[in-house]
């Protein structure tokens, strides 16, 4: 009896196991959906970005995506600085009872320790960090890795994007989410799909258009003249900044008040506001057929202007301020960068609140031929890259600048969103900006971050720190802070492995030569792999086209064969009908 009931018992246990596994999988799926919705709700401005993308397309959306990426990046930078630099400073700093006025908030005052924004290298209250001073230098490695990783991931996502090769067919056929039931979400999804399909179709239409030779020559002459004018304006602007920068020290000694320190930031911000507007007006004459080409040209002109201005300012700081025998030249540079960031933020707000608003009023009431303005992607993106470059230079002198930049970016997002929805219209020519984010990160990496590394290398290896303030005081150069730290660790047996790594790896020229050679070899191999994949994709694309042509050829042959088979049968039928008619005429009584 026991052996007879054993299969039933096993079967019951199997049914229970299946029921338990099914219930567990259902609960796990439910928990996974809840957590997915929770993490999606944590994404900043997710719904706002969808609305902007559905109404204005991926071109305008790329700017807001880049802004949110910079916000996350600065949050990461702030956490690193706050953990390794600011916390040790706050634990060791002495009470600061200095007061400040409203105007001094613009000119980076001697703020008390709980409100430190710029003033880490105080010339009034000297600060000595308990953490190693080299932590300020090590943060640039984190910045480099984060920026390079983001650029590589963006390139990978754009490279493997199937919509580039499917012309939006996959987006149209496979992208609809049938779980969407809310009416507003459905309409938003429909607008997104419509906008993306318009962008893809516009690219196909522009690819098939070939202008006549005479028209192309006239366009080339107009572009050449625009480049000559823009280059001349950029050189004149840089010359003005150079002259004003190297007379700024004399001007500040003659006018010892807080308002005089705002002259240089005010002039630089005026140039950064009005000269790019002048560049954008060239579009009325150049009239690019493909909007992406216009964006790239404006970005190139603006990056040449802004990077040149930053280079002149860095030359002024390193060759005038740093050797001026001031009590604390690090503080002066940090204050200058602080003023530039705050002034640039106020000018950006002014441009969003009044510039685009007045442009819309003029285009709708006074000069209706102008119409409602479009969002200037190139100029706004270059503003973000310009401020981020200044921030990277200022981090070394003012480690809490990322906190200021986080606040300004947060405010800037809402101001740009409101101005975009109220004052701007969608682009007149739809175009797909699938790789613009990669381009923006590349421009942020090179030349911006590369130039910042060069400036900081000169600061660390060549300049002598201030003798009475800052964590590097009393050293012949800033790099000697790392040398001193290594000497201290060499006297502690438990840290000898750190000393060995520094002397044999970090401080070894041969190691970096071998590492660079390995990186170049790996980069070349990956480049060849990418080129091979591009060729394979091209061949597969041609193979699909050829197979389609073969099928069309076979279909045509089948149709001709069917027609040839139908003709004899129809001929036989007509002959039979004629014979019947003749027989009826000859023998009418036979019928």
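Here the Cβ of each residue, glycine as well, is placed from N, Cα and C on the backbone.
It should be emphasised that the depicted structure is a prediction, and the values quoted were computed from it without experimental measurement.
The domain 'TMC' annotation in TrEMBL covers 328-434. Sorting each residue of the domain 'TMC' (328-434) by its DSSP state yields 80 helix, 2 strand, 25 coil.
According to TrEMBL, the transmembrane segment annotation covers 69-91 (among others).
Look at TrEMBL and you will find 111-131 (among others) tagged as transmembrane segment.
Residues or ranges marked as transmembrane segment in TrEMBL: 220-243 (among others).
The feature transmembrane segment is assigned by TrEMBL to 263-284 (among others).
The feature transmembrane segment is assigned by TrEMBL to 296-318 (among others).
Beyond the ends of the transmembrane segment (389-415), by six or more residues, the same chain brings 45, 64, 67-68, 70-71, 74-75, 77-78, 81-82, 85-86, 116-121, 136, 139, 143, 306-307, 310, 314, 330-331, 333-334, 337-338, 340-342, 344-345, 348-349, 352-353, 444, 448-449, 451-452, 455-456, 459 to within a C-beta distance below 8 angstroms of the stretch. Under the heading transmembrane segment, TrEMBL lists 389-415 (among others).
The transmembrane segment annotation in TrEMBL covers 435-461 (among others).
Residues or ranges marked as transmembrane segment by TrEMBL: 506-527 (among others).
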Handout entry: Contact call for the transmembrane segment (263-284) against the transmembrane segment (506-527), three or more Cβ pairs under 8 Å
Key = no
Completion exercise
Model confidence for the domain 'TMC' (328-434), as mean pLDDT, reads 85
